[in-house]
Every structure is written in C-alpha cells, then in structure tokens.
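Peer 1: A single structure is presented below for examination.
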C-alpha cells in the first residue's frame, strides 16, 4: 500500500554568518559539488511532490542570494532574517500566515548549512509524524561517550548516553503551534536553540525520529572537507 505523505511548507533560516568557518562569506554560500551549500539544502525539498512552498529567511543586506539560480524559483519566497534563528523562523511563519497558510499546515524547518539530507529521511519524518499531535524532529542517538565539563575545563561527570540524542533537522511542527511557541519564548526572553526547544518550553514533547548520521550541519572547516571528500565524483 502506498503511503500518502502530508503536504508541507519548508522554512530555511539563512541569515547566519557562520563565524566558526572563518570563511570570506557566510557558510551557506560556500561551494560544495558545483553549487552552494544552501542550494543543496533546498534541493531535497524542491524535488518533493508534497511541497507547498519554501520560505528562506535572508539578511537584508545579503549580496549572495540574488545571484543564485534558485532565487528566481517561484516556489521560494524570501522573508527578512532576524537577529537570532528564532526571529528568522518567526518572520517566515508570519509571511506564511499573511499569505493564507493555515495554523494546521505542517512546517518543516531545516538548517541552511545541512546539505546532505537524504530523501528517505525526509519521507520517514513526514510519514511517522503525519498524524502526530505535536510533531517532532530528525535525530540520532548519541554514539560517543559524553562528558560534562566543570568551570575549570575538567571532567565533572560522565553522561549516560543511553537516553541522549543529537537533534538534527528538519524539525516538523504545525504552523500555529510553532508560531505561538516561538513568539512566547521571545517575549519571555527564553533562549531558543532550535524549534523543538520552543515547543518543549510550551509544554509539549516532540517525537524523535531516527535519521541518518551523515545528515551533518556544516559548522567547521573539517565538516565541509568531509562532505567534499564524500561527494567527490558524485556530481
């Protein structure tokens, strides 16, 4: 039996500068396999038949976005980037609301610098969360031994990794629920590191959907080098 996947909007917060990459431009605009990291991050969504549209949150003075081929794609809309990730995502949700999107619509938020999302992971997320009352996120169980550090930089404790997961993206929630959670967090000055943390703060428990560990976020130069080696000859 063929599973019908739910329609969804994709939101890509792409206003960050990626200081840890120490590059001459924001990391999402670095080259990987013939196009930018951001374009790769968009591709998996643009190729999906259940996509309703994409909103990319871009800094107002961003000189790189207009030069991308995808910037003229009619399925992609641009929202203003904010000071923090949560501001950028909220601006994208406000744009969707203003254009008539429903509170019940699914929204998938994905990192601009996470270019190796597998179609199978995207379909798995959509399938497993289609009827979920809260939503959830792609994640990977922790594999390495984890240490908690003290203020002196020494090991304070070893963390039980059996219940620890690494949060990945996309993170999938209803538009209305995510909008309210992010807005309340910002008003209350709550630190929001990802969309799931806002939903958690609002009193909900997002579901963890196990994904591939190679769906990495490019944060440091060695991340990009790893992807370049992996993709060598792929395109």
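In case you wondered, yes, glycine gets a Cβ from its N, Cα and C as well.
Copying in the features that Swiss-Prot gives for the protein in this structure:
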- 20: site 'Transition state stabilizer' (SITE)
- 27: site 'Transition state stabilizer' (SITE)
- 161: site 'Positions MEP for the nucleophilic attack' (SITE)
- 217: site 'Positions MEP for the nucleophilic attack' (SITE)
Peer 1: Cα of residue 27 (site 'Transition state stabilizer') to Cα of residue 20 (site 'Transition state stabilizer'): how many Å, rounded?
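Peer 2: Here the two Cα atoms lie 9 Å apart.
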Peer 1: Rounded to the nearest angstrom, how far is the Cα of residue 217 (site 'Positions MEP for the nucleophilic attack') from the Cα of residue 161 (site 'Positions MEP for the nucleophilic attack')?
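Peer 2: So the alpha carbons of residue 161 (site 'Positions MEP for the nucleophilic attack') and residue 217 (site 'Positions MEP for the nucleophilic attack') sit roughly 21 Å from each other.
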Peer 1: Drop a 10 Å sphere on every Cβ of the recorded sites 27, 161 and tell me which sphere holds the fewest other Cβ atoms.
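Peer 2: Lowest Cβ count within 10 Å among the recorded sites (27, 161) is 161.
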Peer 1: Neighbour count, 10 Å Cβ-Cβ cut-off, for residue 217 (site 'Positions MEP for the nucleophilic attack'): what number do you get?
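Peer 2: Other Cβ atoms found within 10 Å: 18.
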Peer 1: As a test of the contact definition, list every same-chain residue at least 6 positions from residue 20 (site 'Transition state stabilizer') whose Cβ is closer than 8 Å to its Cβ.
Peer 2: 219, 220
